[in-house]
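According to TrEMBL, the features are:
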- 249-511: domain 'GPI ethanolamine phosphate transferase 1 C-terminal' (DOMAIN)
- 260-281: transmembrane segment (TRANSMEM)
- 301-318: transmembrane segment (TRANSMEM)
- 324-341: transmembrane segment (TRANSMEM)
- 362-382: transmembrane segment (TRANSMEM)
- 388-404: transmembrane segment (TRANSMEM)
- 411-429: transmembrane segment (TRANSMEM)
- 435-457: transmembrane segment (TRANSMEM)
Amino acid sequence: IQSFFNSSRSNQTLFSALNEEKVVLFLHLLGIDTNGHAHRPNSREYQENIKQVDEGVKEIASMIDNFYGNDGKTAFILTSDHGMTDWGSHGAGHPSETLTPLIVWGAGVNYPQRVTSQFFEDNFLKEWKLENLKRLDVNQADIAPLMASLIGVPFPLNSVGTLPLEYLNSSAHFKAESMFTNAVQILEQFKVKMSQKKETTLSFLFAPFKPLSDSEQINLLKKIRLYIQQQKYDEAVSLCKTLINLALEGLSYYHTYDRLFLGLSIALGFVGWTAYVILVIIKTHTNLTKTVPANKKKPTVLFYGFASAGMIIAFFLLIQTCPWTYYVYCLLPVPVWYAVVREIPVIQDLVTNVLSLHIGQSIGFLLVCVLGIEILVFSFFYRSALTVGLLVFAGWPVITQLWIQAKTKALIWTLLCVLLAVFPLMPVVGRDPNIPLVIAAGLLTLLISFFSLASLCKSENKYRDNEDLKAYFYQMFSIALSTYVVSSTHNSLENKKGLPVMNQIISWMTL
């Protein structure tokens, strides 16, 4: 940066460009990100990096001010793209990853405001000893309109940010006009998105975003303009924010316009695939199928029926000029369901067998299936639901004949299910990786494998020369190798020696 500014002294073109109005100098301080991933945010290396960058920012700000003769016309904005967990990762949506700093100072920027109290769920203000200064949180998208407003240029075409007025040190009239421009700019995006969607949707199927009809748009724009003329700036700003929120809602509506249609297609694909797998299992591993194969003519009729359905779907997508991914989502269920419908004899046998059961048994069986599926769905939102499911599994041998037939195995099963049920209750991401726990799991797996193998060899001699026995040994060997690799890799990274090449080779071979 220093050499860049120094070279402008002898380069007249560069010097002229730097001395124009509305210049943006964009500096990307990459070191912190790379350092955080490599050494983790609480490491000595990261702390030293922070100190170096802090000193660098101070030096750069001073350099820029000196270059422009301390004219007080420069605004500085310091922020970052993301945060990080204590072990150098991001992407899970935790506040430590999604909350980032925004520090703005210089020309056109408001001064800090003192407050007696303010509440935020995180402890950043306390950690930084800033409880007495007002904290103004914004979305990252809001920084673009803030920069545009500070240097007096139009808002970026595709910006979806809302101008954070409290950051600006300017007149009420300027703020109202800026917010009006912001509202018009986002409204234009909404209108373009609506017209694009209208063009690629059959007219009788198109459903517009009703809260922001053409008449409502004109009405809101007229009201805002009238408020500004009457110098009712607060009312104008409030109405601008309403219009912006509606336009953003509308943008989201058109962005996700095909969500229901695509969601149904994907759900059909998944349900069809699940049904096909169940039918294959029933056909291959049970004695429920007794029906003689159906007439050979039926599959031909079925094939042409499904092929026609596929062609109709493809034509429907073609006339709407849908992207190629839509064809994948919508056409994939066709062959899957064709495979399911071909197994009608198996379905008929299954229905016959279920209907032959006692009504109480049938209802009980259905309820257990529904409950199991609901627990799995619930576990997507609340991991503790898996604990409930595992505890049900733990109690399963007690209510069946297994408890009488094989008490030892049933008891081991119950104990292991209860032990496993503890894990969904544990935190998702710990502050540090628990390597001893991982190694202990590997060793425990090996120990159980040895006991199982010994028991198998004693009870059934036929397994001694079986191919399954070889596979069993290979699996045990790969578990031993994996346990070693985890331990070795962790020690190597902790000692700042990097990732050993041999560990990479072993990992790929194991995979």
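Glycine is no exception: its Cβ is also placed from the backbone N, Cα and C atoms.
The list of residues near the transmembrane segment (324-341) in space but at least 6 beyond its ends in sequence, with Cβ under 8 angstroms from a Cβ of it, reads 258, 262, 265-266, 268-269, 272-273, 275-276, 279, 302-303, 306, 309-310, 313-314, 317. Packing against the transmembrane segment (411-429) from elsewhere in the chain are residues 85, 87, 89, 92, 94, 379, 383-387, 390-391, 393-395, 397-398: each is 6 or more residues past its ends and has a CB under 8 Å from a CB in it. Summarising model confidence by region, the domain 'GPI ethanolamine phosphate transferase 1 C-terminal' (249-511) averages a pLDDT of 86.
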